[in-house]
Amino acid sequence: MMKTKYLLLPLLASSSLLSHMAFANNHWPDLPIGVKNGVSAQIGSKVYVGLGSAEKSFYVLDTQAPQNGWTLLAEFIGPERSGATATVVGENIFVFGGSGKASDDASSPIIFDTVYRFDTQTNRWHQVKTQTPVGLLGASSYSPDGKQVLFFGGYSKPLFDKYLADITRTDKKAQPEQWQKIVDDYMGMEPLAYQWNRDVLSFNPTNDKWDVVTRSPYLPNCGSATVIDGPSITLISGEIKPGLRTAEVKTFTYGELQPWQSTYALPAAKGQAQQEGIAGAYSGVVSNTLLVAGGANFHGAKAQFESGQMFAHNGLSKAYNSEIYAKQKGVWQQVGQLPEGLAYGASFSVKGGVLMVGGERADRTASTKVYLVGLNNNQIDIVD
């Protein structure tokens with residue numbers, strides 16, 4: 001998944017609501033092509049984005065010299081994939097999992113269990129001689145110590161591979177009832193039946209070994225926005241089963257005796273009865289305030305689920321949200337809106353704000369836009 005690598009700073013002393021927005025243009029260069037459902041990473045002032053809808057392309061932008069634009073790097077050496085997760089260790093970017101076809105003539109997509117390493121010093125990709133122990137599609141990852149990578153969530157490879165194979169080989173027009181039964185059976189399961197990864201896994205790049213650090217007390221979820229503060233990671237929202245999100249926000253601190261901490265959940269968006277939760281949102285820190293923006297969900301899915309409908313998003317349209325939330329004094333507030341609803345892009349904390357890169361629009365196209373969301377005198381500034 002597209003992930004965030006940020007320093008979580010102390011919250012603002014002021015509790016004033018940020019309610020106004022200002023817009024400025026033509027500072028941040030757009031992507032050469034739209035990127036959604038890809039991977040992202042940050043090393044110093046350089047931000048990296050690619051894969052997903054960009055196929056095998058991988059780009060870098062020096063945020064201290066945006067006038068130089070995006071540079072195309074070496075082409076990814078593995079099969080094209082979406083929904084992978086990436087983490088930096090040293091000067092290397094490690095890419096784990098994702099979903100796609102193993103070959104051009106493959107009958108259906110699969111969840112990949114492969115790992116790749118991009119050396120930013122030599123501009124070269126390498127396949128790592130290891131295999132992920134679980135499916136990491138939609139997982140979140142980070143390095144708590146610059147030595148290892150920790151993972152949260154991720155789809156079940158056996159279950160999702162079977163679903164993709166069944167739905168791909170069934171002709172929807174010729175066999176509509178059978179096709180619909182496959183969808184209903186898979187989408188109608190309870191959250192735990194999906195067997196998403198509930199363990200906090202560790203990967204050591206030095207010896208390519210995997211380990212289980214602990215187990216999450218929460219329902220496993222995928223597509224969370226993430227914010228990193230040294231050994232801690234904050235996991236914001238995400239989905240707990242296909243089509244159903246959670247508004248939960250929790251923090252994991254590596255090395256602590258009790259590593260998990262629940263925090264305030266995201267509030268309901270203005271005009272909505274409850275917060276559906278969001279997946280694929282953008283997040284970061286600006287002016288000592290944690291921001292979360294955009295993300296996708298299905299308005300009404302939570303109500304249907306609470307009424308007993310396990311196929312929670314059945315009959316609902318996918319919503320691409322534009323709300324911006326800020327966390328002040330430990331409490332979330334809605335403080336503004338993006339120029340458009342976006343999800344499944346990349347976000348980075350940089351000087352002046354949160355840099356939002358690419359993503360998926362409501363018409364399902366991949367965006368090339370790059371926005372900087374900042375704060376100025378308690379006002380949301382959006383620079384593109």
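Cβ atoms are placed via backbone N, Cα and C, with glycine included.
Here is what Swiss-Prot records for this protein:
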SIGNAL    1-24  signal peptide
REPEAT    46-90  repeat 'Kelch 1'
REPEAT    92-145  repeat 'Kelch 2'
REPEAT    147-184  repeat 'Kelch 3'
REPEAT    185-230  repeat 'Kelch 4'
REPEAT    233-281  repeat 'Kelch 5'
ACT_SITE  GLU239  active site, proton acceptor
REPEAT    303-352  repeat 'Kelch 6'
REPEAT    354-383  repeat 'Kelch 7'
>> Using Cβ atoms and a strict cutoff of less than 8 Å, what residues sit near the repeat 'Kelch 3' (147-184) while being 6 or more residues removed from its termini?
In response: 85, 87, 89, 94, 96-97, 99, 107-111, 113, 134-141, 194-197, 200-206, 213, 216, 220-222, 224, 233, 235, 238, 252, 254, 311
> For the repeat 'Kelch 7' (354-383), what are the same-chain contacts with Cβ under 8 Å, counting residues 6+ beyond its ends?
Replying inline: 2, 14, 16, 18, 20-25, 27-38, 40, 47, 49, 52-54, 63, 280, 282-287, 289, 291, 293-294, 296, 320, 324, 335-336, 338-348
> Among the recorded stretches 185-230, 233-281, 303-352, which has the greatest number of Cβ pairs closer than 8 Å to the repeat 'Kelch 1' (46-90)?
Replying inline: 303-352
> What does DSSP give as the helix, strand and coil breakdown of the repeat 'Kelch 2' (92-145)?
Replying inline: 0 helix, 21 strand, 33 coil
>> Please give me the CB contact count at 10 A for GLU239 (active site, proton acceptor), counting all chains in the structure.
In response: 27
>> Just to be sure I understand, if DSSP states are collapsed into helix, strand and coil, how many residues of the repeat 'Kelch 1' (46-90) fall in each?
In response: 6 helix, 18 strand, 21 coil
>> Within the repeat 'Kelch 7' (354-383), count helix residues (DSSP H, G, I), strand residues (E, B) and coil residues, in that order.
In response: 0 helix, 16 strand, 14 coil
>> Counting by DSSP secondary structure, give me helix, strand and coil numbers for the repeat 'Kelch 4' (185-230).
In response: 7 helix, 19 strand, 20 coil
> Within the repeat 'Kelch 5' (233-281), how many residues are helix, strand or coil going by DSSP?
Replying inline: 0 helix, 19 strand, 30 coil
>> Looking only at the repeat 'Kelch 5' (233-281), what is the model's average confidence as pLDDT?
In response: 97
